[in-house]
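Q: Could you have a look at this structure, given as structure tokens, before my questions?
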């Protein structure tokens, strides 16, 4: 409904049409705030639906004005009002980046995707939610959560095939490519190079992207990972034995590939002809 309202308003009232982007951005901030709480509560084995928002240090219940995304972090200068301990900056950046990413998704469907339907937007909000959790959790705790990946595989496969008419064979082959690529590395290294979470994440990428785009996303993830590793080595922040959470690069490359991969793959294939 927001999509059609935006398209109608943008034709007659360009300034009013821009309000839809502001609305989506605010929704992204709220989503990012919720994901922050979910990630922390999951790590601390606290039920997501139990109790109120609290300080991650002293566990004091937060007042309403301390729960406003972005603003509360800035007003409190990144510290708890009671215990004065620093609030992790990741809370601020997760909210901001989730809002920016959701706005980008909305822009893509409004201006680029010629096959838009509510299923596309619902799917991509779900995909974005999964990718944000995977990125943040792996960055902070070096772990890819199975409770996120498996629903991502099942729901992504179902929506892509039954709602958006993706070829099931392409999606299943993508799962073989993505999961198999990491499984081979796992077996060869006996688990030293990668973990089981990467295998499951490869399956999810295949169910979302199909086999061609999965190959592209894997290639891009390794480029991003290599650049990050070189930067750390040059800055003497790491050595050759430092473990890098690779799930963050898989999440980034998957997000990029969802919206740009097809065009780039077709462009590259055109060069080969």
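Positions of Cβ are set from backbone N, Cα and C atoms, glycine also.
Below, the features straight out of TrEMBL:
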{"type": "DOMAIN", "residues": "26-107", "note": "domain 'Prepilin peptidase A24 N-terminal'"}
{"type": "DOMAIN", "residues": "126-230", "note": "domain 'Prepilin type IV endopeptidase peptidase'"}
{"type": "TRANSMEM", "residues": "12-40", "note": "transmembrane segment"}
{"type": "TRANSMEM", "residues": "90-108", "note": "transmembrane segment"}
{"type": "TRANSMEM", "residues": "120-137", "note": "transmembrane segment"}
{"type": "TRANSMEM", "residues": "143-164", "note": "transmembrane segment"}
{"type": "TRANSMEM", "residues": "208-234", "note": "transmembrane segment"}
{"type": "TRANSMEM", "residues": "246-269", "note": "transmembrane segment"}
Q: On average, what pLDDT score does this prediction assign to the domain 'Prepilin peptidase A24 N-terminal' (26-107)?
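A: Its mean pLDDT is 86.
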Q: Do any residues, 6 or more residues outside the transmembrane segment (246-269), come within under 8 Å Cβ-to-Cβ of it, and if so which ones?
A: 101, 104-105, 108, 112, 124, 127-128, 131-132, 134-135, 138-139, 144, 194, 197-198, 201-202, 205, 208-209, 212-213, 216-218, 220-222, 224-225, 228
